[in-house]
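Residues annotated as active site in TrEMBL: C:LYS209. Per TrEMBL, the feature NAD(+) binding site maps to C:40-68, C:103-104, C:ASN108, C:THR134, C:LYS284. Look at TrEMBL and you will find C:42-200 tagged as domain '6-phosphogluconate dehydrogenase NADP-binding'. The domain '3-hydroxyisobutyrate dehydrogenase-like NAD-binding' annotation in TrEMBL covers C:203-329.
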4 protein chains.
Amino acid sequence: MAASLRLRGAASGLRYWSRRQRPAVASLAVVCSRSMASKTPVGFIGLGNMGNPMAKNLMKHGYPLIIYDVFPDACKEFQDAGEQVVSCPADVAEKADRIITMLPTSINAIEAYSGANGILKKVKKGSLLIDSSTIDPAVSKELAKEVEKMGAVFMDAPVSGGVGAARSGNLTFMVGGVEDEFSAAQELLGCMGSNVLYCGAVGTGQAAKICNNMLLAISMIGTAEAMNLGIRLGLDPKLLAKILNMSSGRCWSSDTYNPVPGVMDGVPSSNNYQGGFGTTLMAKDLGLAQDSATSTKTPILLGSQAHQIYRMMCAKGYSKKDFSSIFQFLREEETF
Amino acid sequence: MAASLRLRGAASGLRYWSRRQRPAVASLAVVCSRSMASKTPVGFIGLGNMGNPMAKNLMKHGYPLIIYDVFPDACKEFQDAGEQVVSCPADVAEKADRIITMLPTSINAIEAYSGANGILKKVKKGSLLIDSSTIDPAVSKELAKEVEKMGAVFMDAPVSGGVGAARSGNLTFMVGGVEDEFSAAQELLGCMGSNVLYCGAVGTGQAAKICNNMLLAISMIGTAEAMNLGIRLGLDPKLLAKILNMSSGRCWSSDTYNPVPGVMDGVPSSNNYQGGFGTTLMAKDLGLAQDSATSTKTPILLGSQAHQIYRMMCAKGYSKKDFSSIFQFLREEETF
Amino acid sequence: MAASLRLRGAASGLRYWSRRQRPAVASLAVVCSRSMASKTPVGFIGLGNMGNPMAKNLMKHGYPLIIYDVFPDACKEFQDAGEQVVSCPADVAEKADRIITMLPTSINAIEAYSGANGILKKVKKGSLLIDSSTIDPAVSKELAKEVEKMGAVFMDAPVSGGVGAARSGNLTFMVGGVEDEFSAAQELLGCMGSNVLYCGAVGTGQAAKICNNMLLAISMIGTAEAMNLGIRLGLDPKLLAKILNMSSGRCWSSDTYNPVPGVMDGVPSSNNYQGGFGTTLMAKDLGLAQDSATSTKTPILLGSQAHQIYRMMCAKGYSKKDFSSIFQFLREEETF
Amino acid sequence: MAASLRLRGAASGLRYWSRRQRPAVASLAVVCSRSMASKTPVGFIGLGNMGNPMAKNLMKHGYPLIIYDVFPDACKEFQDAGEQVVSCPADVAEKADRIITMLPTSINAIEAYSGANGILKKVKKGSLLIDSSTIDPAVSKELAKEVEKMGAVFMDAPVSGGVGAARSGNLTFMVGGVEDEFSAAQELLGCMGSNVLYCGAVGTGQAAKICNNMLLAISMIGTAEAMNLGIRLGLDPKLLAKILNMSSGRCWSSDTYNPVPGVMDGVPSSNNYQGGFGTTLMAKDLGLAQDSATSTKTPILLGSQAHQIYRMMCAKGYSKKDFSSIFQFLREEETF
C-alpha cells in the first residue's frame, strides 16, 4: 500500500507549506490556470454550506474536481465552472484517488462510503479518503477498517471554524489517521485551512473536535451564568468581563467571544446573535460527545447538562442563533 | 463624614503607588523602622491562615497593629513582635480608625461587626472598615448600612490568591464601596496585594469574586471532563491540552492550571493535588454563589451543578486536595 | 409556662377529634352560633389567597378572630362579618393568646414577629404562636428562640394543598414544635385541615414540607421526561402511563397528577395547566430546599437541577401555570 | 406469512391464560410429562443469569428446547437435562420456529441475528423471534426489518424484575410488535412472567422499559436526596418516609423500596444493599435512555443527570450494590 500511496499527488510536485510561507500571487485566475494542467483530480462529496466554499478553495489551488452531492442543484455551480459531476460516490472513487467527504451526519457518511453505490464499491488501492464530516469517532473507526480492507487509507479530519473560515480558507483541521499519510492529507487540507493539526490514530480528529466543543459549550454557558449573576448583583458588564479576563475565570468565551451584548465589538452577541456557530450545530456536537461518553462509560456531568441546555434552546426558538445566545436565554426575566 | 475621612492616614504622608512604581529598598527592617513612628495604627481582626500573613505585610510597611482574634493563640506571635492585642472587636474600633477584618464566614463577620462586643459598639466617626472575608454580598450590604448609620465607611474587599499570595503580598483585592474612599483603601490593600480592583458599590467586590470563582469551577470541571473523555478516546493528554489551548475551548484551567498530572509543571495536578485552592473552599464559594442566585432568582444551571459536584467531592475524601482534583475524581475507573 | 398553657382553649371544652370521628352536623350556622359565645378569640395575621379561606374555616368553627394584614383591603371582608381588625401584629398579640400567621416569605414572617410593631412586642406569656408560612427552617428556629424568651410557644405548621384544599378545610399541616403542645395546635389546625402531622422539634414541619416538595418536583420532572421520551419513541401516552403505574416508575405525579394532557381527567394538565400549584410557588419551595441543603452541606444533585428548571420556566412565561406544565415546557418542538 | 404463522404452536392446543385463571396443578412433573410429547421445540439463545431460569420455566411448561450460548459451559446443565444443544444461532433457527433471545447488549443481539452464523442465515418463514434483551429500540427496529425480509416475525420483549422474578416466573414482559402476533408471544412469555404487556409497534417494548427505568432512577435519587436532607434537618427517617408516602412526594422508591436502612424490612437497603437491581445495570439502562433521547432530540434534563450519577457510582465502588445505594453514596459525610 505504501508504494502506491507514495505516488499520490506526485504530478503536482508540491510540498506542503504553511500559510505564512505562501507567496503573494498576482491573480488567482493565473494560479488556477497555470496549475490546472499538472494536478490530478480530487473527488469531493458533499457540497453544502461548508463543502461548497471548501471545494472552491481546492479549485483556486488548481485541483480539478470530481463532484457528487445527493442534491443535483448543489453541483450545478461546479458543473458550470467546468468541473466534472458524477452520479454517485462510487463513480467519484473510480475517477479520483484522493477524495474529500463533507457530510452532515454519521448516517450520511456511512451511506457515502458503504452504501449500495458508495465509495467502497469502486475505490482504488492506495486511494486517500479524507472525511471532514463531524461524526461519531466510533463510526470513523468503522469506516477506516472497511477502507483499509480495500487497500486504501482513511483519515478523519473534522473542521473548526464556520462558513466564513471555510470561504477564506482559514479552517482548522483536526486530523486522525496513520502518521505517515499526514503530509499527503496536509497538501489538500492546507488549501482549505490555516491550521492542520495531527491528533493521532483514526478517530482522534473527531475526538479532539468533540472534546474542544464540549469544553467550549460548558465555558460559554458558565460565562453567561457568571455575567448574568454579576449583572443582577450590580456589576457593570464591561468591568466584570475585564475582571474575569485578568483572573482565573478567564476563557475564550469571556475574552474573545463574550456573550453579553455591548461588551465586545465584532462578535455575534453585539449583532443580535446573528452569524457565528448556530445553537443547532452545538447541540449536534454535544450529542456526539454524549454518545462517545456513554459508550466509553466516561462521566461528563457538565457536558451532559450543556447538551440538554442547548437541546432545550433549540426547542425555544434559538436554533439558528449563535450559541452565545445562551446569555439571552438565561436573561429572560421573570415577570412577577 | 468626608471631612473626617480626609484626615485618615495623613500622618503617613504616603499616597498609593502601584507595585511597579515601588522603589527597591535596601532592607525591610529599615523601611519598617523609618515609617513605624509616623503611621497611625491599623486594626486587624482575624489572624487565621490568610489573616496572619496579611497582617505581617502591613507590619512590614510600617503600620502599627491593633490585633484581635477569637483564638488568643493566634495573637501571640504578634504580641511577641510588639503589636497591641485587645480583647474584643469593640476595643479594636476604640483604638484604630482603619480596620481590616478577615473572617471565615458570614456569621463570623456579623458577630465581629454587630455582636455584643462588636466593632459597631465603639466605632469612631469617619473610620474606614474593610472586610476582606468572602461572604454573601447581601450580608456585606447589611453591614455597610449599619456602619454608615454610625458615620463610618464600610468596604468589602475579598481576595483572590491563596496563602502563598498572601505571604508574598501578591493578593488580588476586589473592592466594593463608595468610589471616593477607594484610594484610602488602596493605601492599605496595596501593602498586601499586587492588584486592587474597584468593582462598584458595596457588595460588588463579593459579587465579582463569587462570579469569577463560579466560572472558574465550571471551566475546571469542564476541562477535567474534556481531558478525561479525550484520553479515553485515545488522545495524548499533552497534545489534547495543546489543541484545546489554541482553540475555542481554551481557558485558565486548561492553559495555566491544567488538572491532568504530567501535562504542566508547577501546578497542583503534578504534585498529587497538594497546595493550591482546596476543594472545601471552592465548595464554600459556590455555596455563596448559589445563595446569591437563589435570592436574586437568577438561573445558574451549571453553577448549581458545580456546587453539588464539589460538595460531593468533599464527602469523598477530596476536601483538602486542590480543586483541580476533580480530574482524579472523574478518573477513578469502573472495575467491571 | 406549662401551667398557663394548660388553660388555653379550656373555655371551649373541646378536645381534638380526627376528621373521621367528626359527627355530621345539621347546619354550619347552628354549629357556629352555638360555639361562638364560648370560644376565646384567635389571632390571624396574613389574609392572602391561603389565609383568607383558612381564617374563614376558623370562623365556621366558632372562633372569634383578631385580624391583621399589611393590606387593609384584605381585612375588609372579615370586618364586615363582625371580626375585629387591628392595626399591627403587636395589637393582635395583645388581644389573643393563640395566633396563626400565614405569610409569603421569611422576611415577612420575621417582620410580623420581630418587627417594630411585631407580635413579640406585646405577646403574652403562655401564648401559642403557630406559623403556617412556608419559610426557611433556620428562620423558624430563630423565631422559636425569641418567642421562647418571652415565655410563649412557637410552632411551625406549613401546609400542603392549595387554595382549593384551604377552602374545603382539607389542608395537610406538618407541625414542628414541643410535643406537649401539639394537641393544642391540633385543636385549631384541625378546623382548617384534614391531616395534622406531628414532625418533631421546631423547624421539622418546614423540613418535612420542603423535602416532600423537592421530591415532588423531581418526580414530576422525571415523569414529564419519561412520558415525553416514550411518546417520541412511539408509545401511546395513556398506555405508557398505565405501564408506569403498574411498574417501579410509579409515583404521585404519574398516577394522580399526570402532566400529559388527555391522560387523566380533573387534573391541571387536562385544563391547560390552569389551577393547581403554580410554577412560581414550586420555584420558591425549591429555593428553600436549596438554602437548607447549602447550609447543612447536603448534596442535592437532582434537587438543585429541579430548582434551576423551575426558575427557568418562571422566566419563560410559565410562572402562573401549574407546575405539571414542565411537560409542555419540554414538549415544545424544535422547528428545524 | 400470516398463513404459515397461524400454524405456529397449534400442536400444543393451548391458548394464553392469565396467571389468575391458571388452574392449580397437582404437580409440575405431571404437567411437564403430559405436555412434553405434544409441544414443538422452542429455541433459546443466551443462558446467562436471566436466560438460565427463564429457559427452565419453559421446560417446566413442557417445551423441548434448542439451546445455544457463546459459552458452552452455560449449556451443559440443559444438555444434561436432555435438551438439544447446537453450535450457533443459525442452527437454532433451523430446528425451531419459535426462538427467544436473552442477551446482554445491542452488539450481542446484532451478532446473534445478523452475524455470520446468525439466526437470519437459516430462519424459516413464519418463525416467531422474540428478543427479551434490553437494547436500543432503534436496534430492535433494525432487526425487525431484517427479520421481516425473511418472512418471519420479530418482537421485542424486554423484562422487568431480576433474577428472583426470573426464577419464580414472575417477570414482567413489555412487548412490542405486530398486534396480531401478540397472543402467540403470550403463550411462551406467560410461562416465564406474570405480566405480559402489549406496548405497540416493534421497539415500544424497549421504549416502555427504558422510560420506566429512567423515571425509576430519577425518583430513587430524588427519594435518597429528600430523605438525606430531611434527616440532616432533624427528621426521623421512618416518620419522614411515612409523611412522604401520604403526600405528593410518594413514589415506588419511597413506599416500596425505600433506600434508607431501617425504614423498611425486606428491601436491599436493609441488607447492606445486597441483591436487587445492580447500579451497573441501572447505568446501562440509563445509557440506552440517553442514546434514545439524543437520537430523537428529546430533552431529558434529570434523566441525563441520573445517568451521570449512576456512572460515577460505578466508578466509586458501588457497581455491584443495589441501585438504592445512592442513599449511602450521598450520605458519606464530610469530615471537616
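Cβ coordinates are placed from backbone N, Cα and C, and glycine is handled just like the others.
Since this is a predicted model, take the numbers as computed values, not measurements.
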Pairwise CA distance, C:ILE45 (NAD(+) binding site) versus C:LYS209 (active site), rounded so that it is a whole Å: 21
Other CB atoms, at most 10 A from the CB of C:PRO104 (NAD(+) binding site): 17
Most crowded position, judged by CB atoms within 10 A, among C:LYS60, C:LYS209 as recorded positions: C:LYS209
Neighbouring C-beta atoms (10 Å sphere around the C-beta of C:ALA55 (NAD(+) binding site)): 29
CB within-chain contacts under 8 A for C:LEU65 (NAD(+) binding site), separation at least 6: C:PRO41, C:VAL42, C:GLY43, C:PHE44, C:ALA55, C:LEU58, C:MET59, C:PHE78, C:GLU83, C:GLN84
Separation of alpha carbons, C:LYS209 (active site) and C:PRO104 (NAD(+) binding site) (Å): 15
Taken over the domain '6-phosphogluconate dehydrogenase NADP-binding' (C:42-200), the model's mean pLDDT: 96
C:THR40 (NAD(+) binding site): secondary structure state under DSSP, collapsed to three categories: coil
Residues that sit under 8 angstroms from C:MET50 (NAD(+) binding site) by C-beta distance, when 6+ apart in the chain: C:MET102, C:SER132, C:VAL159, C:GLY162, C:VAL163, C:ALA166
Cβ packing number for C:THR40 (NAD(+) binding site), 10 Å threshold: 15
Residue counts (helix, strand, coil, in that order) that DSSP gives for the domain '3-hydroxyisobutyrate dehydrogenase-like NAD-binding' (C:203-329): 88 helix, 3 strand, 36 coil
Inter-residue Cα distance where the pair is C:LYS209 (active site) and C:THR40 (NAD(+) binding site), in Å: 30
For C:ALA55 (NAD(+) binding site): DSSP state (helix, strand, coil): helix
Protein Cβ atoms within 10 Å of C:ILE45 (NAD(+) binding site), excluding its own: 31
Pairwise Cα distance for the residue listed as 'active site'/C:LYS60 (NAD(+) binding site) [Å, integer]: 27
In three-state DSSP terms, the structure that C:LYS60 (NAD(+) binding site) belongs to: helix
